[in-house]
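Presented below is the structure to which this report refers.
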Number of protein chains: 2
Amino acid sequence: MGDLSEASARAPKQDRSRATRRRLLEAAVACLAERGWAGSTVAVVAEHAGVSRGAAQHHFPTREDLFTAAVEYVAEERSHALRALTGKSRADVVSALVALYTGPLFRAALHLWVAASNEDQLRPRVTELEARVGRETHHIAVELLGADESRPGVRETVQGLLDMARGLGLATLLTDDTSRRERVVAQWAKLLDEALG
Amino acid sequence: MGDLSEASARAPKQDRSRATRRRLLEAAVACLAERGWAGSTVAVVAEHAGVSRGAAQHHFPTREDLFTAAVEYVAEERSHALRALTGKSRADVVSALVALYTGPLFRAALHLWVAASNEDQLRPRVTELEARVGRETHHIAVELLGADESRPGVRETVQGLLDMARGLGLATLLTDDTSRRERVVAQWAKLLDEALG
């Protein structure tokens with residue numbers, strides 16, 4: 001009996017710990033997107049998440065730990081959402097891929113990249129994270145688009161599409177250019193469809 | 001005689017003033033690219049340019065004046081360089097367009113955009129500047145590529161190409177991915193050539 005009640009007490013504690021971690025990660029992405037790297041400290045994120053600073057530092061010893069984990073966490077959430085698109089038309093898949101780069105996750109990631117380009121402590125971790133997330137997104141895109149990478153040029157065609165999506169995300173940073181973006185995406189989805197055969 | 005020597009004294013003075021202005025603008029772009037917005041003050045740029053702080057403030061009363069003027073100045077220099085490509089092949093033009101987004105000017109502009117997304121004082125000026133530079137680049141791209149925008153989809157094809165170039169620039173921020181970029185550019189130059197007819 002003693003063991004059982006101990007085990008059931010442990011489970012909710014783990015759940016609470018996981019929930020706290022998730023709240024911190026989501027608050028970190030929101031802070032980065034809204035305030036940029038300079039305005040995003042562990043203390044600001046902890047307050048935003050309604051978590052004590054001590055608890056935040058228990059989960060993430062350094063600021064770099066917190067923010068790279070945050071961008072990775074949200075990127076993984078997005079990957080799961082993307083995989084659910086299996087079976088949709090290429091035009092729908094292209095729209096969904098581009099949408100990945102126009103929301104708060106991309107804004108947050110952009111702030112992290114730009115900060116990393118000038119901060120030696122952050123750069124190696126963000127570079128490694130970006131490479132990993134990029135490979136994963138490419139892999140999912142190839143599957144969803146039904147692209148045959150054994151054919152010459154197909155790999156580069158898909159890569160260029162993701163580069164375009166990233167560029168479209170950058171264009172929305174200062175102004176909402178949704179209607180222009182939708183026209184560009186519709187046209188490039190057509191070009192892509194012809195190229196992939 | 002008095003008038004003549006006054007005029008000739010005035011001319012070198014204007015030349016000196018123009019040269020000082022140009023030194024400040026070039027130093028501002030270099031500082032932004034290397035140190036980001038947070039590390040780029042008028043004082044840092046003046047020192048970098050070998051100009052007194054008073055002289056810098058005579059040319060550019062505010063920090064915002066200096067940095068928006070700097071990005072605009074270098075963008076204009078690039079536009080001139082681009083126009084010189086008239087008569088080159090589409091593949092060469094695409095390479096040159098993409099190269100616009102992978103050098104220090106793009107790095108500087110990126111820092112300015114990201115800072116502007118969080119700073120109310122900077123945002124309207126950078127938004128206006130970005131729109132103007134974007135229109136100009138699109139206009140030059142259409143001409144150099146011999147693209148007939150009266151045909152449906154052509155405008156969006158060229159816009160998508162410039163978005164892709166911007167995304168490729170962002171990808172080089174943390175790591176030098178020149179060989180990947182060259183393959184993507186070669187493939188999309190081919191697709192673009194087919195699309196533009």
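Every residue number used here counts from 1 along the chain in the order it is shown.
Note that Cβ sites are derived from N, Cα and C of the backbone, with glycine treated the same way.
Automatic, uncurated: that is what TrEMBL annotation is.
Since this is a predicted model, take the numbers as computed values, not measurements.
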- Candidate ranges B:21-40, B:41-60, B:81-100, B:101-120 [criterion: TrEMBL lists as DNA-binding region]: B:41-60
- Query: Any residues 6+ beyond the ends of the DNA-binding region (B:41-60) with a Cβ under 8 Å from its own?
  - Reply: 17, 20-21, 23-24, 26-28, 30-31, 35, 66, 69
- Over the domain 'HTH tetR-type' (B:18-78) the mean pLDDT stands at 93
- Query: Looking only at the domain 'HTH tetR-type' (B:18-78), what are its DSSP counts of helix, strand and coil residues?
  - Reply: 49 helix, 0 strand, 12 coil
